[in-house]
Amino acid sequence: MQRDSYFDNYRGMLAVLVVVAHFIGPFRNDSHTMKFIETSIYLFHMPAFAFICAYFSKQNDLLKLVKRIFVPYVGLQIVYHIVLNYVWGRPTDFRLLLPKYSLWFLLSLFCWRVLIDKIILVKGIVPISFLLGILVGFDTSIGEFAAIGRTVAFLPFFILGYKFDKSKFMEFGKRYSVKICSLISLLLLFGVVYLEAEHINFSILSMKNSYEKIGEAQYGWLYRLIAYLCATLIIYLIAIIIPRGKHWYTKLGQRTMSIYLLHGLIYKSIEYLTDVYTNIDTRLEMGLTIVFSVSLTLFLSLRPFHYIVRKLSDVPVEKMLITNGNEQQTD
């Protein structure tokens, strides 16, 4: 499939932001600037990832989805289980459908792509999906099992991306006046986030737990609605100003899977095996952490890491199924 430089540029930017957000997380409550940066990123980065993934989800052969998404998920779940128990010294039971760290997105993506061809036929599915996303926050029984809560909560953005008409949008967004207005709107929006960062409940943006669990039982639904509106607006505003041509950073967007899936192992290793984070307390050190995060993103985009992750998708599922079927017939 021919690459799309426009979306590769968008994904490359998101990959950098994901890594930066995770690495500055420990300083969230120590610096207003770090809190602002992390909040700004979490406000839209996963919704945007869901949006872009959906745009390229027009063909959803189940066997290919198992190979390209579910098999890598299982493989990395096993890797995390081994590392948790034997490297990080944090004994834990292996639970296939309890995603470790950032692996929830792979499981959600698998579910979205399996279901999208059916649910997209539902009349009024966009507002319905937003309503379901708000309602799921009231359910205290779901927890993190199979990433069900997040799968439902981020579903609206996947649907928006699936229905996205790139040609019409690009025609609208190519005007200079539109780009300037978009940039100004983004600056104003993030300006508000900067002023209100200390009052924003970070857990609302991650959409991981119920409103009750994060202490927002009364107004959690309203905060999620506001988060939905902001994320949707930011996704489209950034889409207008993202460069369309091929640049040196376009390659990042072509290798987001290796970046997204592997950076967590490094981040958690630093957190569990060293005392680096407890010793970082100055603006310079926090700034250097951001520099390190960006450098790590570039490092994980190199061919060897991309190759490793791609190999997880090359498991001969068809042969395994055929062999298993033949064995059953023999029995």
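Using N, Cα and C of the backbone, Cβ positions are placed for all residues, glycine too.
Given the structure is predicted, the values throughout are model-derived calculations rather than measurements.
Listed in TrEMBL for this protein:
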| type | residues | note |
| --- | --- | --- |
| DOMAIN | 5-300 | domain 'Acyltransferase 3' |
| TRANSMEM | 12-28 | transmembrane segment |
| TRANSMEM | 40-57 | transmembrane segment |
| TRANSMEM | 69-88 | transmembrane segment |
| TRANSMEM | 94-112 | transmembrane segment |
| TRANSMEM | 119-138 | transmembrane segment |
| TRANSMEM | 144-164 | transmembrane segment |
| TRANSMEM | 176-195 | transmembrane segment |
| TRANSMEM | 225-245 | transmembrane segment |
| TRANSMEM | 286-302 | transmembrane segment |
Seg_contact(the transmembrane segment (119-138), the transmembrane segment (94-112)) with at least 3 CB pairs under 8 angstroms, min sep 6: no
Tertiary contacts of the transmembrane segment (286-302), as residues 6+ beyond its ends and Cβ separation under 8 Å: 15-16, 19-20, 22-24, 27, 31, 33-34, 37, 251-252, 255, 258-259, 262-263, 266, 280
Folded-back contacts onto the transmembrane segment (176-195), same chain, C-beta under 8 angstroms, at least six residues removed: 36, 39-40, 43, 230, 233-234, 237-238, 240-241
Mean of the pLDDT scores, which run from 0 to 100, over the domain 'Acyltransferase 3' (5-300): 92
The transmembrane segment (144-164) in contact with the transmembrane segment (40-57), cutoff 8 A, at least 3 CB pairs, sep 6+: yes
Contact ranking winner - 12-28, 40-57, 69-88 against the transmembrane segment (225-245), Cβ under 8 Å: 40-57
Top partner of the transmembrane segment (69-88) among 12-28, 40-57, 94-112 - counted as Cβ pairs under 8 Å: 94-112
